[in-house]
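As recorded in TrEMBL, the features of this protein are as follows:
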TRANSMEM  A:12-38  transmembrane segment
TRANSMEM  A:44-65  transmembrane segment
TRANSMEM  A:95-116  transmembrane segment
TRANSMEM  A:128-149  transmembrane segment
TRANSMEM  A:156-176  transmembrane segment
TRANSMEM  A:182-202  transmembrane segment
TRANSMEM  A:209-228  transmembrane segment
TRANSMEM  A:264-282  transmembrane segment
């Protein structure tokens with residue numbers, strides 16, 4: 001694992017992607033910092049970070065796009081997969097290398113609150129907490145990007161689809177208002193979600209029997225519950241989906257100074273989930 | 001050492017490997033021979049754990065490649081068809097990385113890398129970036145990576161592709177040296193290479209093992225149809241008349257050559273050596289023989305026979321009907337085929 005971690009990290013700096021990533025993040029954070037904190041005199045660095053979040057949406061796909069797509073295209077994955085190293089370690093090695101690249105600008109961010117402090121009042125606790133959450137959010141994004149990169153051979157496809165997914169996550173709270181709040185609307189929405197999940201299960205297992213059973217059982221359960229107690233379904237979709245608003249945890253800290261511990265646990269579980277899915281995706285490819 | 005049991009690999013409806021069974025013993029050089037798309041690379045990829053098999057299992061030193069991958073993979077050095085090189089690294093950096101990946105201890109790493117650099121003759125390019133190296137050198141870096149740490153089993157997928165003749169000879173020598181204390185498996189579609197290097201040949205066609213034996217035995221397997229080839233000034237009818245009394249002649253095919261001589265191919269029964277009696281028969285009639293030689297079946301013929309059986313069978317059946325009237329035409333066709341085989 002250490003070997004892969006070191007090689008990946010080095011290659012990010014040989015290929016300039018790492019340097020460009022750090023430079024872009026620091027550059028934009030610098031502009032926001034100048035505008036909001038230095039010229040505007042606003043004492044919270046966390047506000048600057050919320051502005052920088054949009055840059056992260058563009059920068060993360062560039063960082064993650066090559067992680068597995070490039071290996072597969074140039075067939076170097078043959079070296080990794082035939083070496084006496086478990087697949088999980090290969091994935092973790094790569095993941096931690098990308099996290100390290102992300103950690104560098106975040107460490108530099110830690111200096112900014114101190115600059116504010118030199119000029120007057122600063123809210124160090126809030127600022128450092130939001131830098132930490134910003135970093136964790138970046139780690140979630142990297143895990144998602146890595147998973148998407150493992151699905152394709154093309155870096156371009158990987159980066160564009162990662163950007164698409166991240167943008168949807170970023171705009172999630174806005175999209176949420178478009179969902180129906182009536183009971184019947186929620187029911188239909190739920191069935192659609194179920195069908196998508198079943199399609200994914202079918203795609204991963206190639207077992208139509210299991211997929212069909214899950215689909216039928218799921219629909220039956222939903223419909224029966226709906227007829228027994230339809231009030232349960234009111235606002236259900238919005239309620240459930242609002243949990244997916246990944247960036248809300250960060251903005252909660254950044255704009256309202258509310259630290260949501262369950263949100264941080266949510267981030268960590270998302271990271272574990274996507275690292276796991278990446279391993280599964282690569283495993284699956286060996287059998288198809 | 002390696003046991004492959006009932007291996008099947010399907011890509012959708014296409015069967016790439018079809019119920020393959022074989023065992024590989026220690027200290028020999030094995031050659032996988034087969035036309036393009038026969039399933040050589042797929043088999044190797046499954047044996048090294050890169051791909052999963054649809055059915056069947058592979059045991060490396062008793063370790064199942066799927067259930068106990070780390071132990072199994074420790075015993076294998078693998079050079080895939082396309083060397084898995086990180087082109088943004090120098091040769092030394094790459095080999096260092098590969099050594100660490102193969103869990104060679106830190107103290108021994110430097111020496112191990114030095115050794116393979118020497119063996120693969122990479123000393124001159126060791127500081128250069130891999131992306132600036134030629135195909136031949138890249139192949140050698142890949143080979144160096146495969147033999148790094150000297151695993152018990154070395155699997156090489158077409159190791160001499162892209163090398164110049166001098167390098168090919170060097171690599172073959174290297175493989176022979178390695179075989180003294182390692183098991184080497186290599187794949188190739190170059191017959192001469194397999195014949196020269198390997199102790200044991202496995203011919204694969206359409207995912208099936210069609211023959212496996214030593215090169216010498218494979219040639220003997222086919223030796224049932226030995227032939228004697230002659231060239232003479234006599235006409236075709238004269239040749240047939242002269243040969244009629246000679247014993248052990250199965251069949252004669254004749255043709256008129258461009259320089260007005262007659263060529264004939266005599267098929268021999270019972271493995272007899274009829275060269276002397278043929279010579280005497282012609283001498284009695286005062287017809288000079290310009291050429292008289294035994295043609296032995298080569299590995300090429302075995303290869304063609306075994307791998308093209310299915311495809312050619314239908315074609316030959318229809319051909320035979322037409323060709324029965326003019327043996328000469330058929331003879332020419334066969335010669336043409338042999339030439340093709342020579343150029344493989």
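The backbone N, Cα and C atoms fix where each Cβ goes, and this holds for glycine too.
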Between A:128-149, A:156-176, A:264-282, who has the most Cβ pairs under 8 Å to the transmembrane segment (A:44-65)?
A:128-149
Which one of these stretches, A:95-116, A:156-176, A:182-202, has the most C-beta pairs shorter than 8 Å to the transmembrane segment (A:128-149)?
A:95-116
Could you give the residue numbers and ranges of same-chain residues that sit at least 6 residues beyond the transmembrane segment (A:95-116) on either side and whose C-beta is under 8 angstroms from one of its C-beta atoms?
4-5, 8-9, 12, 18, 21-22, 25-26, 29, 33, 37, 43, 45, 48-49, 60, 63-64, 67, 122-124, 127-128, 131, 134-135, 138-139, 142-143, 146, 275, 278
